Amino acid sequence: MINFKTLMGKNFNLAMIRQILFLAWASIFAFGAEFEGIGDLEFLPQKNLKILVLDEKMRVKKVLNFDSKESKHITLEVEKDEKIYLTIIHKDSNQEDSDQSKKQATENQDKSKLAKALKEEPTITNASPNIEKSAYEGRFERNRFMGGLLGFEPDKFNYIMPLNISSSKEPNQRKQTEVKFQISIKKRLFDDLFLKDLDLYFAYTQQSFWQLYDSENSKPFRESNYAPSLYLSYPLEKYDVFFDRVNFGYLHQSNGGDLGSSRSWDRIFVEGIYGYKNFAMSLKAWYRIPEDPNKDDNPDIASYLGYGELSVGYLWRKHLITATWRNNLRSDNRGSILLDYSYPIYKNLYFYLQFFNGYGESLGDYNNSINRIGVGILFNR
């Protein structure tokens, strides 16, 4: 049994909170912590304090919510010889108020508020109820919490595959084996933009193909694709609809090539996301913004990459399998299938296996059908 009187005594200070918080977000972001079983990281109504219970690997095991003015004691049961870390967050220092406390001059004020809230030594006999969440909800909340601490959060998968092998050579590809990696992050720019819970995000994804094994030609980068986007995100739980969340926005994608090798297109998209237990699904449709026919680098790109995509994912124990399918919905039946598999191998690093078949793995060869398999390390999921 742990009594919070000891934790909240004279030796308790703000520096200790910051140190534990730093270890928590560093572990979560750097290695992409598991998302199953995570608690609610938003402040509940009428609750002004939140305690995060972390295990030895700094993964969130439990989240306790309470009102320091009403509760006098907190009792927490742990297993014998179990080691845990406790992070205490006061509502006034939550990430929603970070813009008001960005200067060091407010540190003393925040410290006094936290000390006042903890002075009454609040406790709870029963922790917050264990509400079952889907894997998608857990991942979304974990990323949002980490984004409030760091300033940005993962968007799509972040990975590196030292072995990415294709069945045939593509344009500017001298070796069939190359390195492929992806960096994908997003930043929440505004909360409650026009109405409550409507958030504005900026996202950026970069995918690169590196001819590391082509020593004869100075190991060049064969191609990099850049995809910035700006979109609105809104939860749909309170509405009687199938999807849990909807995203709507603008997406640009290009390879930054010179005249003749340049490929790019701009799209408006809408995406619905659904999650149930360990299953998640995303249905995304887009409309290509028309370009000047005399300047269009790839006028037929929609004939190969289609007008939308369907993604599904399932988490079984520690195995995560996802699939993304695209099709142009025409008689020629052009499209692609992307399969991903991951499994934790060390702390929060994951073994990653990827298979791609079809058109549009990269913009440079969007109109060439390829088969490719890659093996590497995944950093978040």
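Note: Cβ is positioned from N, Cα and C throughout, glycine not excepted.
Annotation source TrEMBL lists active site, proton acceptor at HIS252. In the three-state DSSP scheme, HIS252 (active site, proton acceptor) is classed as strand.
Taken from TrEMBL, the feature active site, nucleophile covers SER254. Note: SER254 (active site, nucleophile) has non-local neighbours ASN225, TYR226, SER262, ARG263, SER264, TRP265, LEU363, i.e. same-chain residues 6+ apart with C-beta under 8 A of its own C-beta.
According to DSSP, SER218 (Ca(2+) binding site) is assigned to coil rather than to any helix or strand. Annotation comment: TrEMBL describes SER218, SER262, ASP297 as Ca(2+) binding site.
As annotated by TrEMBL, region 'Disordered' applies to 95-120.
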Report the member of SER218, SER262 (the binding-site residues) whose C-beta atom has the most other C-beta atoms within 10 angstroms. SER262
Indicate whether ASP297 (Ca(2+) binding site) is helix, strand or coil by DSSP. coil
Euclidean distance between Cα atoms of SER218 (Ca(2+) binding site) and HIS252 (active site, proton acceptor), Å: 30
